[in-house]
Amino acid sequence: MNHFDYKNGELHAEDVALSAIAAEIGTPFYCYSTATLERHYRVFSEAMQKDALVAFSVKANGNLAVLKTLASLGAGADVVSGGELKRALAAGIPGEKIVFSGVGKTKAEMALGLKNRIYQFNVESEVELLALDEVAGALGVKAPVAFRVNPDVDAKTHAKISTGGAETKFGVPWSHVHTAYATAAKLKNIEIVGVDVHIGSQLTDLAPFEAAFTRVVELVGDLRREGHAISRIDLGGGLGVPYRNDNLPPPDPAAYGALAARITKNTGARLIMEPGRLIAANAGVLVAGVIYVKQGENKKFLILDAAMNDLIRPAFYDAYHEIVPVAAPTADTQWTHYDVVGPVCETSDIFAADRPLPVLKSDDKVAILTAGAYGATMSSAYNARPLAAEVLVKGGEWAVVRPRMDDDALFGNDRIPPWLG
Ligand SMILES: *Cc1c(COP(=O)(O)O)cnc(C)c1O
């Protein structure tokens, strides 16, 4: 459920007409709905055990206003870089609610985490563990560690967002897990606290979660018998969202929470969850203007002022996004089919092929739905296209939460070397 609906013939975010925002700041822009973020966070956290840490995955949407909205509801953060850690802290998320994931943390990033007393490092290899021990030793602190284990489970999602198979770079290989914990137990500056798993993103079936969580709980029993104090189980993120109106909806958070509770119930461990997409995806849209409608040899192209640099998911993952007109269709509306594209000089700069839409003309506006996760965070300035503006709506109010990139940000940091004068 989300709060983007037609009212008075216009697509609204909560009580704000998207056309009113477009008239003021231009297009393209991302628009996020506070009520939707809050609803998704609440539905998710209420489906989890009371003491669970819900650590929002910052890579899904790292805007400080979004993070602050979630932080005020009690959310923690799952970060995968020093930059994301700084974002989470800047949004007011305390270190004690931050977990640090990622396969290649640098020593500088580790030090930043340790200085801010983060809750947990999800360590992915023994070499990383040794580096963390060294950094913690130099700072005179102990690093709280869970190993991210690779359970070799097929997440049955797009190959580019599958992370739990033995062939991926993620996690400690299943056959190395026991030696990894044994190594950690010997290190002076490491405190073993838990086990972590994350098998992929946009999972639309609970079965892979069930398989992975079951393996992890068995592992926790084995590790405890080996003398390790495992008090936390981090189950990662990955629950999918509906991108297509006509698709069966993915499993709901209640079923997912019940599954996690059932499988972990005898462990007595505190659960950590790292949802990203589920919280943010349907809480955001990308609003774009039509530059031209171009007649090709065989098809019509709807050329938008948003492009793959703004939202790369269709080009990168063959992802489907609903695209709707900002002005509500009526009974008299004429419909046609368009290839919906951006202006970037790449054939893959296409949002949708042969998509039924009302007949549109230059300056009309469309909204690309379910763009609140892995949208703005994955955007780039390719083709020297400024990063789009971001807007947050709350009821009848709205605010620009990141202005469109200006020329200074676009190329003002380039430097001319002395020999070019
Ligand atoms: C990306 C990621 C998540 C969030 O995944 P979603 O599919 O957005 O829920 C959680 N944990 C880790 C380690 C990740 O890399």
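Glycine residues also receive a Cβ, built from the backbone N, Cα and C atoms like all the rest.
Annotation comment: TrEMBL describes 29-372 as domain 'Orn/DAP/Arg decarboxylase 2 C-terminal'. Positions annotated as domain 'Orn/DAP/Arg decarboxylase 2 N-terminal' by TrEMBL: 35-281. Marked as N6-(pyridoxal phosphate)lysine by TrEMBL: LYS59. The pyridoxal 5'-phosphate binding site annotation in TrEMBL covers GLY238, GLU274, PRO275, GLY276, ARG277, TYR374. What TrEMBL records for ARG277, ARG313, TYR317, GLU346, TYR374 is substrate binding site.
Mean model confidence for the domain 'Orn/DAP/Arg decarboxylase 2 N-terminal' (35-281) is a pLDDT of 95. Cβ neighbours of GLU346 (substrate binding site) (same chain, under 8 Å, six or more residues apart in sequence): MET308, ALA315.
Taken in sequence order, the binding-site residues GLY276, ARG313, TYR317, GLU346, TYR374 that lie near ligand 1, meaning a CB under 6 Å from one of its atoms, are GLY276. It is 9 Å from the Cα atom of the residue listed as 'N6-(pyridoxal phosphate)lysine' to that of ARG277 (pyridoxal 5'-phosphate binding site). The pyridoxal 5'-phosphate site is set by GLY238, GLU274, PRO275, GLY276, ARG277, TYR374; from the centre of their CB atoms, other residues of the chain with a CB within 8 Å are SER57, ALA60, SER201, GLY237, LEU239, LEU278, ILE279, ALA280, ALA373.
For TYR374 (pyridoxal 5'-phosphate binding site), the number of other Cβ atoms no farther than 10 Å from its own Cβ, over all displayed protein chains, is 26. For GLU274 (pyridoxal 5'-phosphate binding site) paired with TYR317 (substrate binding site), the C-alpha to C-alpha distance reads 21 Å.
Of all Cβ atoms in the protein chains displayed, 27 besides its own lie within 10 Å of the Cβ of PRO275 (pyridoxal 5'-phosphate binding site). For the recorded site, ARG313 (substrate binding site), the DSSP three-state label reads helix.
Cα-Cα distance from GLY276 (pyridoxal 5'-phosphate binding site) to ARG313 (substrate binding site): 15 Å (rounded to the nearest whole number).
According to DSSP, TYR374 (pyridoxal 5'-phosphate binding site) sits in a coil region rather than a helix or strand. Among the binding-site residues ARG277, ARG313, the residue whose Cβ has the fewest other Cβ atoms within 10 Å is ARG313.
Secondary structure at LYS59 (N6-(pyridoxal phosphate)lysine), taken from DSSP and collapsed to helix, strand or coil, is coil.
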